[in-house]
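Enquirer: This is the structure I want to talk about, given as structure tokens.
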Amino acid sequence: MRVALDAARLGPRGANPLVGAVVVGPDGGVLHVGHHRGAGTPHAEVDAIRQAQAAGTDLQACSMVVTLEPCNHTGRTGPCAQAILAAGIPRVVHAARDTTAASGGAATLRAAGVQVEDGLMAEQATELNHRWIMAQQQRRPFVTVKTAQTLDGRIAAADGTSQWITGAAAREHAHSIRARVEAIVVGTGTVLADDPRLTVRHQAAAAPDATAPDATPDPPADPAPLRVAMGHRCVPAAARMRGTDGRFRHLNTRDPRAALTQLYDDGVRHALVEGGATVVGAFLEADLADELTIYQAPMILGAGRSSFPNLGIHTLGQARRYRADVSDGGALHHLGDDLLWHLEPQPHTLTNRQENH
Ligand SMILES: NC(=O)C1=CN([C@@H]2O[C@H](COP(=O)(O)OP(=O)(O)OC[C@H]3O[C@@H](n4cnc5c(N)ncnc54)[C@H](OP(=O)(O)O)[C@@H]3O)[C@@H](O)[C@H]2O)C=CC1
Ligand SMILES: Nc1c(N[C@@H]2O[C@H](COP(=O)(O)O)[C@@H](O)[C@H]2O)[nH]c(=O)[nH]c1=O
């Protein structure tokens, strides 16, 4: 299960949980290791089964160890319980139980005569996806927040100019994040200041994922992510984000939770909040930022828009604390001259903050 958990951490966060799966041979040895690479790609079990089949492994003599109860439903991919049955695997050990609409895989497998054991390292598996589970329970999209900032934490100069703070490699990476999501959210302030396009203009967007030979590529650009403006002011008729494909939305609200509810009702399960500072601050304040991608350029502005304003923090004890996000390549990446910090909230940030008030 430790191997499966390590494999799960290789995947990206988003609409789906991180999941790893291992095919274990009759002698208990690890034969094949699979993981999920994000919404629309094969689940971890299917990834591991395909590897085993390609290698000619006799799956009827093997067990499968997986970090989450195999799913029982057809979403963008088929049910893993059926894939396991079709492969003839006689024994499954899973960690966490699936509490979503996809649950029931263990019962399906047991009913078909598969030996199923659950609960092994369930606490670690649940912790790995704790923000995703929270989003599911709250019936809202998983939220990735992105900012591009200077060394002194500015996302725009004093005159409001901000294009570009980060260099080409960081911006290319930011497009790869856009390619994963179903909605890109900005405030009306950013709409009026930047007239952003909010389209996916990522080299790999149109091409299969070369790092995942067994995976059906995520179809990120079809449909394109919704381009969402949040706030009371009107979005100009000529705004570039309106586009012509019907993927523009104006959410006439300043309430991040209400915005997420509307997006969820629109089918969005992973949203990227790109700014500006006011809107990002509102998502952080409401504890609705599940994953942070902070691009930092070696540049100082000295004045201008702070990345995270209005958080009501007056003393160190009230600080919002984050930790390295172990998924998707880990916490720190060099992108040209820039750095990417990939972070997640400390599990009990909100509780600590409330205790300090
Ligand atoms: N470097 C970067 O990564 C980025 C930089 N930028 C820069 O940031 C600047 C814009 O930032 P900012 O002015 O903060 O604009 P925002 O994009 O955050 O929009 C703020 C506006 O959104 C509305 N709004 C929505 N939700 C809330 C809320 N919870 N609380 C208050 N108002 C809300 C309000 O307008 P209304 O009256 O309509 O309700 C508010 O004035 C620009 O200079 C832009 O270039 C922007 C994005 C990314
Ligand atoms: N300034 C800044 C960013 N700004 C973000 O990109 C938006 C413009 O999107 P588009 O019109 O689609 O290219 C802008 O409104 C803001 O949300 N992003 C970055 O990666 N680096 C940067 O330095």
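Yeah, the Cβs are placed from backbone N, Cα and C, and that goes for glycine too.
Caution: TrEMBL annotation is automatic and unverified by curators.
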Enquirer: If you look at how TrEMBL annotates this chain, which of 19-41, 180-202, 203-225 comes out as region 'Disordered'?
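Expert: The range carrying the region 'Disordered' annotation in TrEMBL is 203-225.
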Enquirer: I'd like to confirm something. Which of the recorded positions, H43, E45, C80, R201, has a Cα closest to the Cα of T278 (NADP(+) binding site)?
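Expert: So, spelling it out, the nearest of the recorded positions is R201.
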Enquirer: Can you tell me which of E45, C71, G276, T278, our recorded positions, come within under 6 Å of ligand 2 at the Cβ?
Expert: none
Enquirer: Cα within 10 Å of V280 (NADP(+) binding site): which of the recorded positions E45, C71, R178, E274 qualify?
Expert: E274
Enquirer: Counting only residues 6+ away in sequence within the same chain, which have a CB under 8 Å from the CB of S162 (substrate binding site)?
Expert: A148, I155, A156, A193, D194, R305
